[in-house]
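Visitor: Feature table excerpt (Swiss-Prot):
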- Gly33, Glu34, Asn35, Gly36, Ser37, Gly38, Lys39, Thr40: ATP binding site (BINDING)
Amino acid sequence: MKNIFLHSLSLENYRNFKNLELKTDNTPIILIGENGSGKTNILEAISLFYPGRGLRSAKLADICKTSEDHCLVKALLQSKLGLAEFTTQFKRSSNRRITEYNESKIANNELSKFTSMVWLTPHMEGIFTSSSSDRRKFLDRIVYNFDPKHTELVSKYEYYMHERNKILVEDIRDDNWLKIIEEKMADISNHIANNRLKTLEFMQHAIDDLENEFPKADLSIDGIVEQKILNGEENIVSFITAELYQTRNNDKLLGRTSFGVHKSDFLVKHQKKNILAKFCSTGEQKAILIAIILAEMNYAIKLTKIAPILLLDEVFVHLDDKRRQYLIEFFTGLNMQLWVTTTNLEGIENFATKAQLIKL
C-alpha cells in the first residue's frame, strides 16, 4: 500500500498565520488549541493540495492574511509519484491562485494525479439538508479518490457549459460552435454519470460489508442521465445532445443550462429506518456522514492500494465513548497520516500517546 502524507508544511500570510513551519511523519497528528487559534486553517491549507477550493470552499481573498498582498502554502509531500514539493500561492493584485509541482505550474484539477485526500468538518454535517449542489460536489470529491481523471472531466464540463451559456445569453450567431460544444458536453456527461454510478456501487458494497458502530446508509443519485444509464438505455450521448439543443431558447432566457449532470442530486437514506438522511436527527446525520467517510476510506484503500491523507476537524466532539473509540481504532489501524483538531484531549488520551501533538 502506498501512503500519501506530508513531511513538512509551511504557511506564509495564511489566514491568522504570518509564518508557520511544521515537520511531520506518517503518523496521526493532533492539533490542539483554543477556538480561533488556527487549527482549522491548517487543515484548510493542506486541503488546497487537492482539487477544488479547499475544505471551506473559500474565496481566494479570504485565505490571505488581512493587510497582506499575498499568501503562500508549501508542502513536502509523499505523493502518488514519490516525494515532491508542492506550492500554492495567491496574490491580491492578480486575484489568481498558482499551484506548482516541483516548480512546474499545474492546473488545480491535476492535483488528484498526485494526492488523495478525505476530510470531515462540522460544516459538512449539514450536507443532507443543504443544496443539491453541495451534495453533488461531495459525491464528485469521493469519485476523485477512485478515479483521478474524473476531476478533469468535471472541470471540462463546467468550462463548456459556461461557453454555451455565454453564446446563448450574448446571442452569438455561431450554431456550428454551439453544436460542437453541446456534443462535447454530452460525451463528457456520459463519462461523469457512469463514474458516479460506478463509485456509488463500490461505496454501497463497502457500507454493507463494513460492520461498525454507525448506521448503514443506502446511496443513490437522482438524475435524468444517471437514471437512463441504470435503465440500460442506449444512445445516451445522442439523447443528451438532443436535450441541450431543445432547451436552447429556454436556457437563453434563463441565462443558464437547465438540463444536465450538473443538476443531479446525491441521495442518502438511513438504511434501517428507510428515510432520507435529511429527515433524520442532527445526531443521526453526523453518524451517517461518518459511516460514508469510513466506507470511502476502506474501499478506496482496497481498490486503489493508496492511503489518503485524512483531515478530521472536531470530529470527536459529541460522540459517545463507544463510537469515539471505534473511530480511533479504525483510523490508527489503517496506518495513515491523520490530522485531528481538538480543544482538549478529553476522551482521546490513549490516542494522544500514539500521535504527534502540535500545540497552537
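Cβ coordinates are placed from backbone N, Cα and C, and glycine is handled just like the others.
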Visitor: Quick check: which same-chain residues outside Gly33, Glu34, Asn35, Gly36, Ser37, Gly38, Lys39, Thr40 lie with their CB within 8 A of the centre of the ATP site CB atoms?
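Guide: Apart from Gly33, Glu34, Asn35, Gly36, Ser37, Gly38, Lys39, Thr40, the close residues are Asn41, Thr341, Thr343, Leu360.
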Visitor: 10 Å Cβ neighbour count around Glu34 (ATP binding site)?
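Guide: For Glu34 (ATP binding site), the 10 Å Cβ neighbour count is 10.
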Visitor: Near Gly36 (ATP binding site), how many other Cβ atoms are within 10 Å of its Cβ?
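Guide: I count 10 other Cβ atoms within 10 Å of it.
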Visitor: By Cβ count within 10 Å, point out the most packed of the binding-site residues listed: Gly33, Gly38.
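Guide: By the 10 Å Cβ neighbour count, Gly38 comes out on top.
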Visitor: For the binding-site residues Asn35, Ser37, Thr40, which Cβ has the most other Cβ atoms within 10 Å, all shown protein chains included?
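Guide: For the binding-site residues Asn35, Ser37, Thr40, the Cβ with the most other Cβ atoms within 10 Å is Thr40.
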Visitor: DSSP on Asn35 (ATP binding site), three-state: which is it?
Guide: coil
